[in-house]
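Annotated in Swiss-Prot:
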ACT_SITE  E132  active site, proton donor/acceptor
BINDING   K106, S107, T108, Y109, A110, R111, Q151, Y166, Q176  dCTP binding site
Amino acid sequence: MGVKSDIWIRNMAKNFNMISPFEEKQVRKGIISYGVSSYGYDIRVSDEFMVFTNINSTVVDPKNFDERNVVNIKGDCIIPPNSFALCRSVEYFKMPRDVLAICVGKSTYARCGIIVNVTPIEPEWEGHITIEISNTTPLPAKIYANEGIAQLIFLGADDNICETSYADKSGKYHGQKGITLPKVDK
């Protein structure tokens, strides 16, 4: 699998609506950067957050998730010490069948003890990316809404495209809008 360049990313965003909204250059002045980079795309975090809380003393169960585990926050977000938040990308993605994207956190946040996790973005998946953020520090951590949070690296198939894409298998997170909580197929 080859890594896709800024030229490929711009072409796919402009001609195939792979990323919307799309920023064709890196925006950096006075903010945490976002937009096209040499071999990736820095995504922004929206102003919607779900921060985990212990006020209801429920168990976090991925098979039976209780929405009382989270508090909704709009705007910049303060994640409590040693806590966790869910959020989403500003951008909506439509992945090509022959491409997989891997997401890595931005070093600006990582150097502050803020760890970003996103599972691979599979071929033909589309939607807003649900982003998981951990504050590993003993201090509150600020996340800036509508600024960069992570970078997507696009990997293209060398030969054959996949037999079954995310859309083909009707993946449970396909077409998600907003923050999507855990789901288990029943």
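Yeah, the Cβs are placed from backbone N, Cα and C, and that goes for glycine too.
Non-local contacts of A110 (dCTP binding site) by the CB criterion (under 8 A, 6+ apart in sequence, same chain) comprise V116. Residues within less than 8 Å, Cβ to Cβ, of the residue listed as 'active site, proton donor/acceptor' and separated from it by at least 6 positions along the same chain comprise F84, A85, L86, V116, N117, V118. The least crowded of the binding-site residues T108, Q151, Q176, judged by other CB atoms within 10 A of its own CB, is T108. Long-range neighbours of K106 (dCTP binding site) (same chain, six or more residues apart, CB within less than 8 Å of its CB): I32, S33, D42, V116, G148, I149, A150, Q151. Across the annotated binding residues for dCTP (K106, S107, T108, Y109, A110, R111, Q151, Y166, Q176), the two most widely spaced Cα atoms sit 34 Å apart. DSSP assigns the residue listed as 'active site, proton donor/acceptor' to a strand segment in the three-state reduction.
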